[in-house]
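The structure appears right after this line, and notes come after that.
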Amino acid sequence: MSHTLLAPSVLAADFANLQRDIEMINNSDADWFHLDVMDGLFVPNISYGMPVIKSIAKHAKKPLDVHLMIVDPDRYIKDFADLGANILSVHYEACNHLHRTLQAIKNEGMQAGVAINPHTNVILLEDVINDIDLVCLMSVNPGFGGQSFIEHTYKKVEQLKKIIKANGAQTKIEVDGGVTDKNARQLVDAGADVLVAGSYVFGASNPPKIITDLKNILK
Ligand code: DX5
Ligand code: ZN
């Protein structure tokens, strides 16, 4: 039995009913809140920032998994720690000194995550794998919810798992983008530890049931 975690992406929530949707996740079988921060520069979209996360943190009773899709994320590490982020992921492609950035995240008491775009080879993380708590493998091009899952991701999960094992690291593998009941099982079998699901959860007529069903697939 696996212990795969499920992190609904709040990007797909109804922002006019945010507290309702946060409580739904609190009361569901989901494990984390996945929070997508986009700056309109690293990705071609702007999502939400500090004030919204501050409000979410007030109500959220599960860990906050913050995914920064912003250039030069070092500027805001302390701010996200102060807001209550538990896991902070920066993009490999947005950091000039990734090793330093990872230490800065840990020094603020958070778990350090690295997200990589679909075109980025997992091998590029090998030299820092022991410093990474979570790798967020993007299974769509970051910037938007509701896109189709890129099939090549299964292979990347397997390759990354091998690197983690070979280095005796404890790094978790998260898969983010286009996750549904159609690919969840295969992702777990490939080695995924955390699945993010946005539109599949919030687009459903009964989100808590979809979360329970998805968690059952992950068992
Ligand atoms: C994409 C975001 C994802 C997104 C997932 O840039 O990082 O977290 O919210 O949404 P779905 O599950 O709809 O692809
Ligand atoms: Zn994300």
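Glycine is treated like the rest: Cβ placed from N, Cα and C.
Per TrEMBL, the features are as follows:
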ACT_SITE  Asp36  active site, proton acceptor
ACT_SITE  Asp176  active site, proton donor
BINDING   Ser9, His67, Gly143, Phe144, Gly145, Gly146, Asp176, Gly177, Gly178, Gly198, Ser199  substrate binding site
BINDING   His34, Asp36, His67, Asp176  divalent metal cation binding site
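Feature map: annotations from TrEMBL on the structure.
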residue	record	contacts (Cβ under 8 Å, 6+ apart)
Ser9	substrate binding site	His34, Leu35, Asp36, Gly145, Asp176, Val196, Ala197, Gly198, Val201
His67	divalent metal cation binding site	His34, Leu35, Asp36, Val37, Ser89, Gly113, Ala115, Cys136, Asp176, Val196
Gly143	substrate binding site	Met38, Val43, Pro44, Asn45, Met69
Gly178	substrate binding site	Ser139, Val140, Gln147, Ser148, Phe149, Ile150
Ser199	substrate binding site	Ala12, Gly145, Gly146
- Message: Suppose the substrate site is Ser9, His67, Gly143, Phe144, Gly145, Gly146, Asp176, Gly177, Gly178, Gly198, Ser199. Which further residues of the same chain have a Cβ inside 8 angstroms of that site's Cβ centroid?
- Response: Leu11, Ala12, Asp36, Val140, Pro142, Gln147, Val196
- List the other residues in this chain whose Cβ sits within 8 Å of the Cβ centroid of the divalent metal cation site residues His34, Asp36, His67, Asp176, in sequence order. Ala7, Ser9, Leu11, Leu35, Asp65, Val66, Ser89, Ala115, Cys136, Val196, Gly198
- Based on DSSP, name the secondary structure state of the residue listed as 'active site, proton donor': helix, strand or coil. strand
- Measure from the Cβ of the residue listed as 'active site, proton donor' and count the other Cβ atoms within 10 Å, all protein chains considered. 25
- Of Asp36, His67, Gly143, Gly145, Asp176, the recorded positions with C-beta less than 6 Å from an atom of ligand 2, in sequence order, are Asp36, His67, Asp176
- Message: Under a three-state reading of DSSP, tell me whether Gly145 (substrate binding site) is helix, strand or coil.
- Response: coil
- Item | Sparsest-packed of the listed recorded positions (His34, Asp36, Gly145) - C-beta count within 10 angstroms | Gly145
- Ser199 (substrate binding site) -> DSSP, reduced to three states, gives helix
